[in-house]
Amino acid sequence: MSAVTASQMRQLEDQAFSRGIEAGSLMDEAGKGLARWLLDHFPQPGRAIAFIGKGKNGGDALVVLDQLRRAGWTIALRASHPTHEWTTLARQRLRRLGIEPDQGLPAGPGPLILLDGLLGIGARGALREPLDALAEEMSRLRNQAGGIVVAIDLPSGLNADDGSSGGLVADITLTLGAPKIGLLQDVAARYCGRLGLIPLAGLPMPDQPGLELTTPALLSHLSTPRPHDFHKGDAGRVRILAGSPGMSGAATLASHGALRAGAGLITLFLDPENPATPLPEVMTKRLSKRIPALFEDRCDARVIGPGLGRLTAPQAEALLEGLAQDTTPTVLDADALNLLAGSDRLDLLRSHHLITPHPGEFARLAPDLAGLLREEAATRFVDRHPCTLLLKGTRTLIATAGRNPRINPTGHAGMASGGQGDVLSGVCGALLAGGLCPLDAGSWAAWLCGRAAERAITHGGESEESCTATHTIDHLGGAFRDWREQRR
Ligand SMILES: NC(=O)C1=CN([C@@H]2O[C@H](COP(=O)(O)OP(=O)(O)OC[C@H]3O[C@@H](n4cnc5c(N)ncnc54)[C@H](O)[C@@H]3O)[C@@H](O)[C@H]2O)[C@@H](O)CC1
Ligand SMILES: [K+]
């Protein structure tokens, strides 16, 4: 499923209504799905204030409040308009809830959620009175009282089609039925925060070309239970060339990422001077001057590049030669990409390569594309080079020629720290070794690492500031479980 405009969404809703689906039952389905997402995301009950306008977006928020209260949360309500101006559906949900709008701040422990139900796809233009006063209150509580703004469908004031906004900044945006195109635009990232998709069974979406969101509901085929007689050969053998004396941790993090993402056997090739101390489960080989050793034995996937530093000229030549001959699925990261760019050998890129540049490395690979919007840059790159590109950034993009590009919704600003990319490369390697194609391996690895980093905060007591790449590794298990249980 790919993203839709506001008017496409309206058409899909109208089609559902003409099939006999009722708007009220869609609203209840939406509200329950939103609440389930929040209860999964925030394991401890807390406080929730809904800020509602007079449309159906506000009605959704009232259903969420009802569900959260049943789960032990303390709730409160702010409304922009007197109830006689609301839609009938919202008035009915208020009667069910049995509370009145007030000004108080709900007391008690746990997270403070600020539910943005001011405007959804019915928005026209920038936020106007009296809604903008409530948006300001949300921003104040976010900045001064640690409130977490959760936008329903889209952040109020954001244009659903082009992503422009002068409105509210949300920490989480939970979009209903299908992602709205505006939410996926580069310019919208800082207004939307973490994206989540709440599927609506009453509103099935057609497949169409365009940007897709990676979610467990859309890509459930990526994870199937292991057969009981599974053995380590089935799990896949990964060979990693990473790290250097000044960046020994990159080798450790990449190999631990691969290990904790399910690889059966991992061999880490290390520079003899590298003091890295990988886990005992990881086999190590000293590389000496002989890069070809990396390519000698058969394996199911290779990871080349994290923290590799500058190779000697003979080593660089041997590595390029090995890449030219090899057909094993391979993750190329960091200094392996710098080597390709510096030696002008992008012609070596093939369909079994998953390349994982950050924006700086991408600019070295394709200086002429670096200034473009991310989706366009990624799409043009894979049209030129027959590989899969995982372009890191606030919203990691995964693209390969002939397929819809995918955007990753998980993760947070606390992942902007050294080592997270090394872990990602190892996770990609393990998933490639497990038999996934580069597009699926890259999409799932980005989702899992982002989700693990989120769990480090919501389940592990970390903050955006304290979260490290090691925390990401520690929480990979919970991220796999979340995917299998189709949460988020
Ligand atoms: N249509 C459906 O069947 C479903 C709709 N759902 C929800 O309903 C939302 C759409 O509901 P509505 O169509 O009622 O529209 P909204 O709830 O987005 O709001 C429309 C109201 O806001 C006012 N308004 C518009 N632009 C404004 C601005 N810039 N400043 C101040 N006020 C403004 C309008 O006068 C109108 O009264 C979706 O985003 C979604 O949250 C969900 O319940 C799922 C099902
Ligand atoms: K909203």
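Indices start at 1 and increase along the chain as displayed.
Any Cβ shown, glycine's included, is placed from N, Cα and C.
All annotation found in TrEMBL is predicted automatically rather than curated by experts.
These numbers come from a predicted model, not from an experiment.
Secondary structure from DSSP puts I121 ((6S)-NADPHX binding site) in coil. The Cβ neighbour count for I121 ((6S)-NADPHX binding site), using a 10 Å radius over every protein chain in view, is 23. Residues or ranges marked as (6S)-NADPHX binding site by TrEMBL: 56-60, 120-126, D153, A250, G307, H358, D422.
The annotation K(+) binding site is assigned in TrEMBL to N57, D116, S156. Classification of S156 (K(+) binding site) by DSSP places it in coil, neither helical nor stranded.
Here the Cβ of G421 (AMP binding site) has 25 other Cβ atoms within 10 Å, regardless of which shown protein chain they belong to. What TrEMBL records for K392, G393, T394, R395, T396, G421 is AMP binding site.
Here TrEMBL flags 9-211 as domain 'YjeF N-terminal'.
For the domain 'YjeF C-terminal' (215-483), the predicted model reports an average pLDDT of 94. Look at TrEMBL and you will find 215-483 tagged as domain 'YjeF C-terminal'.
Across the fold, the C-alpha of K392 (AMP binding site) and the C-alpha of H358 ((6S)-NADPHX binding site) stand 5 Å from each other. Taken residue by residue with DSSP, T394 (AMP binding site) is part of neither helix nor strand, so it is coil. For ligand 1, the binding-site residues lying close by, meaning a CB under 6 A from one of its atoms, are R124; the full candidate list was R124, G393, T396. The two recorded residues, T396 (AMP binding site) and S156 (K(+) binding site), show a Cα separation of 24 Å.
Long-range Cβ neighbours of D153 ((6S)-NADPHX binding site) (same chain, at least 6 residues apart, Cβ-Cβ under 8 Å): N57, D60, G120, I121, T173, L174, T175, L176, K180. Sorted by the number of other CB atoms within 10 A, the binding-site residues G59, G393 start with G393, the lowest. Close to the recorded AMP site, the chain also has H358, L391, L397, N408, G411, A446: residues not among K392, G393, T394, R395, T396, G421 whose Cβ is within 8 Å of the site's Cβ mean position. DSSP gives D116 (K(+) binding site) a strand state.
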